[in-house]
């Protein structure tokens, strides 16, 4: 399918794939056939849930990001959608577009990190496609199973609203991350510790950007307790709106209950904006009845998963409201861009 | 997940998707949930087969290709992998990376053509992702069902070797297609007829490039008759090698039996090279016992699907041999690059 056909280059590509992406674990009994034929083959009893995410160099990760960082961001952002369905992580496909001058070392480091993550989350690489492009582009489709998928449309008036993890850290780290690349004139080897030490921003912010903890285990184990869930990687404000409209309810949030990232304060408009609209938090917003409150708390504690009760679902038509105590407020959303 | 967060741009994107990609047919009973949640949800009894293909601007299609042409090439090249498994076409996901300055008209034409193809092949758009990039990049994952997937590894010594359609046309058209963009200084509106009339190359070559007929129906109906199959879009020579190695057999082809595209002759080395290594032929190579020969021919005739008996499977270890009558030949593969 190439404009410039080059058999040697193609063969090199097959070799690259063979070198870096085969002989991985294939421990997924429902995956009948993985890499190596025209399609992968899957058969299972439970519903299969699938999500696709693309990460583009210079858009979703900095031009000079390290290969392991690119792998982490691309993979974890996709995985987060499985968590939002309460699903297990079973297998994924990888469509990789790479510049011709990319080194073997880059691909090797990328593959190594992806393999680490695949092992950590027990998910099998089952297929994919490698092509040339001027820009590194990574499209990952994740596949998982769940008896009763958690939908955006399941929130019921009277439900509690919860979020996992902490909010705003990834967006707060971004200006520093971008500046660190400028200052080092293309030295892409600055790790989290180096950037953190140099700039004195919390290392948790950097981890939220580069190595978010996806609440897979919690979502899977809690799914029967929950009424609805959504991934909030586009920002809680926008994503809560999706959930509210899908469920045809209104959502009311208490900004002081929001689990803001380290050093962020709900009463500082730019901080609140980072948490509500900065994006890049691969966490969940979910709703559940009040009766489930204790079970959720106990489960979360037992697996060391931070969760916060942040609001309530009321009757309505899809609106989201924010409260500072008893006062309704309208968060200023543009501020964080200049943070 | 953006480096430059822009809520307005994001909202415009949601609107674009809503405008162009929703309200499509969702007539697939096993698709429990399509676009609109964190994941799509699928549940069925038969094995699910999945393949992912990426098409990059300037690599897999010319920079100035029309949006309908981009849609056709990206979609049909992916679909071809389902045919190679003997599967039905059930649903697909679309990961679209688009430059910021792309017009609504472009996206509208792209979506329109994709919808036409989805209707033609009775396949449902079930999910996806839209992102910014400097280059148009289209990743399509196709999903289908088949009770017993047709594998590359099923060829048996004694089998006949067949191919569908005609070979070499798409690769033969490519220089003319690229030249047509140069001559028209970016006028991307030259259709098949205009290019064909102007350059006097066969319109079938252009159709093979822009609108290949994927042998979906034949592959699905014939699958129980066949022992193995592979998509030959990377060129018959390379792909036959994959099949031979996967099946641990040798393949022997008669070059005079190959269904070369219009005006191509097996004895002209550059023509033969186009057919064997030019690529872009979204056809199948498959094997079946001699006992199935008549049934295959009758089925193909009944649905107007060209098929050709082109060789035989013999015992071996994965070699592919080419015969001009009784003489074994070694096709000169580099020639076609200068055709």
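Here the Cβ of each residue, glycine as well, is placed from N, Cα and C on the backbone.
Worth saying up front: this structure is predicted, and the values here are computed from it rather than measured.
These come from TrEMBL:
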DOMAIN    A:36-145  domain 'PurM-like N-terminal'
BINDING   A:38, A:51, A:81  Mg(2+) 4 binding site
BINDING   A:38, A:81, A:231  Mg(2+) 3 binding site
BINDING   A:52, A:53, A:129  Mg(2+) 1 binding site
BINDING   A:53, A:81  Mg(2+) 2 binding site
BINDING   A:60, A:280, A:336  substrate binding site
BINDING   A:128, A:129, A:152, A:233  ATP binding site
DOMAIN    A:221-319  domain 'PurM-like C-terminal'
BINDING   A:234  Mg(2+) 5 binding site
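This view paints the features noted in TrEMBL onto the structure.
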residue	record	Cβ contacts under 8 Å, 6 or more apart
A:38	Mg(2+) 4 binding site	none
A:51	Mg(2+) 4 binding site	A:78, A:81, A:82, A:141, A:142
A:52	Mg(2+) 1 binding site	A:78, A:139, A:140, A:141
A:53	Mg(2+) 1 binding site	A:74, A:77, A:78, A:81, A:139, A:140, A:141, A:142
A:60	substrate binding site	A:54, A:73, A:74, A:77
A:129	Mg(2+) 1 binding site	A:94, A:95, A:96
A:152	ATP binding site	A:228, A:229, A:230, A:242, A:243, A:246, A:247
A:231	Mg(2+) 3 binding site	A:80, A:81, A:83, A:84, A:239, A:282, A:283, A:284
A:234	Mg(2+) 5 binding site	A:279
A:280	substrate binding site	A:170, A:171, A:174, A:208, A:209, A:212, A:233
For residue A:233 (ATP binding site), the number of other Cβ atoms found within 10 Å of its own Cβ: 24
Site extent for ATP, whole Å (max Cα pair distance, A:128, A:129, A:152, A:233): 31
For residue A:53 (Mg(2+) 1 binding site), the three-state class that DSSP assigns: strand
DSSP-assigned states of the domain 'PurM-like N-terminal' (A:36-145) in counts, ordered helix, strand, coil: 34 helix, 41 strand, 35 coil
The domain 'PurM-like C-terminal' (A:221-319) - residue tally per DSSP class, helix then strand then coil: 42 helix, 25 strand, 32 coil
Average pLDDT across the domain 'PurM-like N-terminal' (A:36-145), rounded to a whole number: 90
